[in-house]
Amino acid sequence: MRKDPSPHLRNASRWPSQLALFYTQYSSFVRDSDRCQLIICSQGMSFPPEERERLRLRGLLPPGHLDMDLQKQRLMEEYLRPLAMVPPEDSRLGGVTSEMARRWALLQALQDRNETLFYSILTQHFVEMAPIIYTPTVGWVCANYHKLYRRPRGMYFSSEDRGNMAAMAYNWPQDDVHAIVVTDGSRILGLGDLGVNGLGIPIGKLDLYCAAGGFSPSHVLPVVVDVGTDNEALRQDPLYAGLRSSRLTGPDYYRVMDEFVAAVMSRWPRAVLQFEDFSSQHAASLLERYRHHHCVFNDDIQGTAATALAGLYGALRVMGKPYSELAEQRVVVVGAGSAGMGVVQLVAAAMEKHGLSPSEAASRFWMLDRKGLITTRRPGLQPHVRGFARVEQSEDGQSLLEVVERVHPTMLVGLSGAGGIFTEQVVRTLDRHCSHQRPVIFPMSNPTASMECTAEQALTWTEGRAIFAGGSPQPPVRLPGGGEPRPVAQANNMYLFPGIALGAFIGRTGIINEDMLMTVAEALPNMISEEGLRQGLVYPRLEDIRAISARIALELCVTAHRSGHLNGPAREALAADGGGVGGFSSSRGVGEGEKSLLNFIVRSMFWPEYKSLVLLPRGVGE
């Protein structure tokens, strides 16, 4: 087994090229697999496959081959037209502006030359910079990633690597990876199939893991699995760095994914593996394929579901109602894809927890897709959809307005990606029939252009009665009657996914199950301040994201302990008071064991601070 280098020399493949001289001079301290990464700086993506294999660069560069002429072309296009890639105000990109693109480029340059400073600034200015690092700006980044590419960041596995992935995993120079985020580029935000360009999503996601969840940037790994692309424009672009074949499907696709999961989980068995932006065709089946054997989760399905459930509990808190009132709600969900069905299944499970039978819980939902209301009359329904289809078959295909007029729902959730589908007539009808409580409206699609309605529309049409949370950031709303602008909650998965991953890794839970997700969803609304509740906010302040992530990690670990899934030092910390965790309630604080575990979690988090790289013997220089 190879020895780890000195801690301050680990993950050297991510060092900026300015450190190459220092790195080479001290190469005797570093293993050969690290040293060869510097060779990338000499030729970039021009290395032919045989040289990549010999130099152990396979997987560290995109599958495509760009010779020097193409590399010159890419540079000269930017040199001669420096604003060519800065977007116009494209609605598909969620309102990304030229200024947002400029700030992204500035932050990326900082990350390349001084990673510690980058994360320190991102942590301090998280609310302001998260939209630059991730959504919505990351959509523009992925659309142009083949033009923006500067240096290796992350790993590339492809369908042409079959039979070699286990060996390729060892080309990554870090032996201790804590979190992996992977995409196949098939459904990047609202932009669709972007192939290998989708790597921008795992990169941005893991930046949030580090800033919000306290993961060390030296111990995270962004990955794209390139199985081809059906995006003809990308395939014809000479600068595109991925495979130029059609997207792989069927059993061959799953064989590639099986080999990838086996390769990375074999080398890093304790890592949390998150699936991100997979198409509805594969997202749910991949999650089910691995969730019972590995510590994996899908943020688009499970993270969105837990965030939605947390928001619904938050809405009940705003109305002064107990969580048990969730079982009394009538919920219309527009969008029956993987995200929509994930929300329905978790909210239904929560209703069962509050006393309903499975059939009673299913009866509280009305689901619509692009064809209208889904009933059991609809042919070809997947089993997980059929379980929530309505039995009144004569109503199949009924419009959203007809459903709202007939059902009188109390909660309206949108995950359709169909911008503007919550029309004024729909919202006013919903409000008119909510006589015993305020209407709850969650248009959770993003980017902004895909939201089912805006905060201003929902609050104006209900004269301020709506309890609102949107999938994209919304400015405060000033109602026609005057008064202070009302802040708007965002149903943002980053409230939960950093803490979920942190708790699963620190707790060595091995799996992330439904009970853990329900627990963190219950815990999040308890962090809303009294002022936030008065303002109608269903989520806590995002400025407190690090504290939120630590507490979410604690809640997940406590739940894991109850089911026998908590292991390692976290379990020892929880047992510090010599007792169990019975009666633990996040609404009343934590016991001594939980305090010990919370302290352990906080101490384990990465804090971006400068540290000495040269350790002096005791007494020297003191």
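Every residue gets a Cβ built from N, Cα and C, even glycine.
Fair warning: this is a prediction, and the values are worked out from it, not measured in the lab.
The Cβ of Tyr134 (active site, proton donor) lies under 8 Å from the Cβ of Gly204, Lys205, Asp207, Leu208, Met494, each of which sits 6+ residues away along the same chain. Summarising the annotation, TrEMBL assigns active site, proton donor to Tyr134.
TrEMBL lists Lys205 with the feature active site, proton acceptor.
Counted within 10 Å of its Cβ, the other Cβ atoms near Asn492 ((S)-malate binding site) come to 24, all protein chains included. What TrEMBL lists as (S)-malate binding site is Arg187, Asn446, Asn492.
Annotation comment: TrEMBL describes Glu276, Asp277, Asp300 as divalent metal cation binding site.
TrEMBL lists 111-291 with the feature domain 'Malic enzyme N-terminal'. Confidence in the domain 'Malic enzyme N-terminal' (111-291), given as mean pLDDT, stands at 95.
Taken from TrEMBL, the feature domain 'Malic enzyme NAD-binding' applies to 301-561.
Non-local contacts of Arg187 ((S)-malate binding site) by the CB criterion (under 8 A, 6+ apart in sequence, same chain) comprise Asp193, Asp277, Phe278, Ser279, Ser280, Ala283. Looking at Asn446 ((S)-malate binding site) and Asp300 (divalent metal cation binding site), their Cα atoms lie 12 Å from each other. Between Glu276 (divalent metal cation binding site) and Asn492 ((S)-malate binding site), the C-alpha separation comes to 15 Å. Asp300 (divalent metal cation binding site) and Asn492 ((S)-malate binding site) have their C-alpha atoms 11 Å apart, to the nearest angstrom.
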